[in-house]
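**Student:** What follows is a structure written as structure tokens; I'll ask about it next.
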């Protein structure tokens, strides 16, 4: 792509999480352990759900996709962050910066849609069990998954094309540990109200609407559980719903806090902490909350 920013900015300088050597060493060890845990946990889920015949159901099919997305989204940011924590020179080329933004944003948007699909899957399974096999069948799952990945990667093109065409006026210091759309917008030296407005509208489509859909699904699920379950069953269901909603609030809430606000209210230090939640904390929590607490998965892991 021959874009105007490439003539003025050939590379960016990532300021990272800290400039203190001692703090950087602690952060490196901590995030290395977390990243390895993310890889092991999610790869275990993918392996066990694809090899165990008892887990060949729509719910575990979607969980396999979620684990794959968690590996992808953390791998776009954490390895680069670990490298920079040990480096003196923290530069990233213009092309690498754009690639990092595009892949992380695309996979993040795929996950936004998938979490809503998973909530709908549980809603149909609990509220309409007799119709579940007809509505959520294998071919439907595959079509939903393919459509989800395509939508995520197409929608993110809108963000990226708007971002890479803003005028940076030679500014190349990014006060963050990775390249993200809001961070590049903060370097702009021109009026970007239109860009922010478009990003806000896309944010409503990809964040607000799925959250509303998830809340509606879980409200119906809880209502159904209260009518038919025993007290023990209600407690178990509420525990599961509460843990799922915790992930939803953490993931969507942190994404909204970064993407759905104006440049004037942005705080780089706070944004770094918020970014850690949806790039690092959520990928390590998803295997624990969605699968490793499940008896079927525990049994399959023991077999494996």
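Indices start at 1 and increase along the chain as displayed.
Using the three backbone atoms N, Cα and C, a Cβ is placed for every residue, glycine included.
Predicted, not measured: the structure shown is a model, and the values here were computed from it.
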**Student:** Out of 2-24, 140-162, which range is noted as transmembrane segment by TrEMBL?
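**Tutor:** My reading of TrEMBL: the transmembrane segment range is 140-162.
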**Student:** From the ranges 99-120, 165-186, pick the one that TrEMBL records as transmembrane segment.
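**Tutor:** So the range that TrEMBL calls transmembrane segment is 99-120.
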**Student:** Can we call the transmembrane segment (140-162) and the transmembrane segment (26-48) in contact, meaning three or more C-beta pairs below 8 angstroms at a sequence separation of 6+?
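**Tutor:** Output no: the transmembrane segment (140-162) is apart from the transmembrane segment (26-48).
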**Student:** Excluding the flanking five residues on each side, which residues at least 6 beyond the ends of the transmembrane segment (192-216) place their CB within less than 8 Å of a CB in that stretch?
**Tutor:** 109, 112-113, 115-116, 119-120, 155, 158-159, 162-163, 166, 181, 185, 245, 248, 252, 255-256, 259-260, 262-263
**Student:** Which stretch from 99-120, 237-260, 272-292 shares the most C-beta pairs under 8 Å with the transmembrane segment (26-48)?
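**Tutor:** Selected stretch: 272-292, with the most Cβ pairs under 8 Å.
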**Student:** Can you work out which residues elsewhere in the same chain, 6+ from the ends of the transmembrane segment (99-120), have a Cβ less than 8 Å from its Cβ atoms?
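**Tutor:** Apart from its flanks, the transmembrane segment (99-120) reaches 59, 62-63, 65-66, 69-70, 72-73, 76-77, 80, 92, 144, 148-149, 151-153, 155-157, 159-160, 163, 178-181, 184, 206-207, 210, 213-214, 217-218, 244, 247-248, 251-252, 255, 278-279.
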